[in-house]
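First comes the structure, then the notes that go with it.
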Amino acid sequence: IYRFQFMVVLNLVFYPGSRYFWRRLVTNTLSPKTPDVIQYTWKASVLAFIFLSHYSTFCVYVTLGLEPTFLSMASWVCFGSYIILFTFLISLSAIGFITNRVSGRIIFKKRHQSLLAVIFTVCFTIIAVQNAVMDPVVVNVEVPIAHLPKSMDRMKLVLLSDIHLGPTVGRSSVERIVTITNKLKPDLVVMAGDLTDATVAAMGKAAEPLYKLVAPYGKYFATGNHEYYTGDVENWFKLLQSFGFEILHNSNVKIHDKSNEKEWFCLAGTDDVQANQIGYEGHGMDLKQAYTGCDDTHSTILVAHQPSAAKTALNSEYKIQLVLSGHTHGGQMYPIIWLAYLLNPYLSGLYRHSASSYVYVTQGSVYYGFPLRLGSFPEITHISLRSV
């Protein structure tokens, strides 16, 4: 229901933008002298672009499978381009207004603004698609962890997040992530939510390569907001458990040094805060429950999908040395990056909260929805835990 409501609202928001596009790209761009063939072709192209942009929101219901369909990819590329085009049209219109006002005459016509916006959009879209579909970049990070046993110094943790199995992400993307991760030979693998945008029935088989992830200290999963949008969280839990994952459902595990069982640190995970907001029964961020069993004399690493939850945890009474988050995608692309920066306390990378506490926000292992990235890149985070 939540997703359907969002889809309806999004298309209603799109409507005035689509009318604006038609006016700027057709009414204000084509002249009566333009040959009929060019007019019809241009109008059909603009209409198809607008239609596909709107259609993208329906893909999660009608075009799901092991791999994305051409229609899904095309519609979501158009959706991303829609945002880029709108930004350029508004920006160039502002430049045109100022230029014409200062000069006292029209020297930057609306027709030229529109054509330039289209050219820029096409170029930036091509770059953005290339950035999005490339192999995830392995980001190597060292994080000092207070109270981490000396015997566990340099333990390797791989952080995955925001794979978003759905209309534009399929099995091959998961296989690629698994291959890269296994080459890193991590001690443990943590997935910080937003694995999926669909039900197990629709995308469960696409997730199967996760079974091949190898980590001697275990594989762990905590939910993101998109798991709750699917309405199928419990089935995803069962599937991931069959793949060898331990679910951090407001819970924790003690990661013991294999050579000395007395040495350990606590790995905790909370449900995503979105579960509280939408009233998902039996779920919701419960930091107290997640921390129960951990203690102040041992290190605690928390998995909390959203940076806002990370900030809440670090400001709490509990002694947490590191929070692992995702959610932001590093903003994914301009101009959304600015919005992501404003809405989240942390955008991407490693942040020091206090003398002995940190938060790391990954840019995500794939992308959400539109296969475009501008100003960000897909990442697999290779974290070395340092004893201090």
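Note: Cβ is positioned from N, Cα and C throughout, glycine not excepted.
No curator has checked TrEMBL annotations; they are predicted automatically.
Remember, it's a predicted structure, so these values are computed and weren't measured experimentally.
Copied from TrEMBL, the annotated features are:
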type     : residues : note
TRANSMEM : 6-22     : transmembrane segment
TRANSMEM : 42-64    : transmembrane segment
TRANSMEM : 70-95    : transmembrane segment
TRANSMEM : 115-134  : transmembrane segment
DOMAIN   : 155-330  : domain 'Calcineurin-like phosphoesterase'
Positions on the same chain near the transmembrane segment (42-64), where near means CB under 8 A and six or more residues out: 3, 7, 10-11, 14, 18, 21-22, 25-26, 29-30, 34, 71-72, 74-76, 78-79, 81-82, 166-168, 197-198, 202-203, 369-370
For the transmembrane segment (6-22), sequence-distant contacts whose Cβ falls under 8 Å of one of its Cβ atoms, 6 or more beyond its ends: 46, 49-50, 53-54, 57-58, 82, 85-86, 89
Distant-in-sequence neighbours of the transmembrane segment (70-95), which means Cβ under 8 A and at least six residues beyond its ends: 14, 17, 20-21, 24, 49-50, 52-53, 55-57, 59, 63, 108, 110, 113-114, 116-118, 120-122, 124-125, 128-129, 167-168, 333-336, 369-372, 374
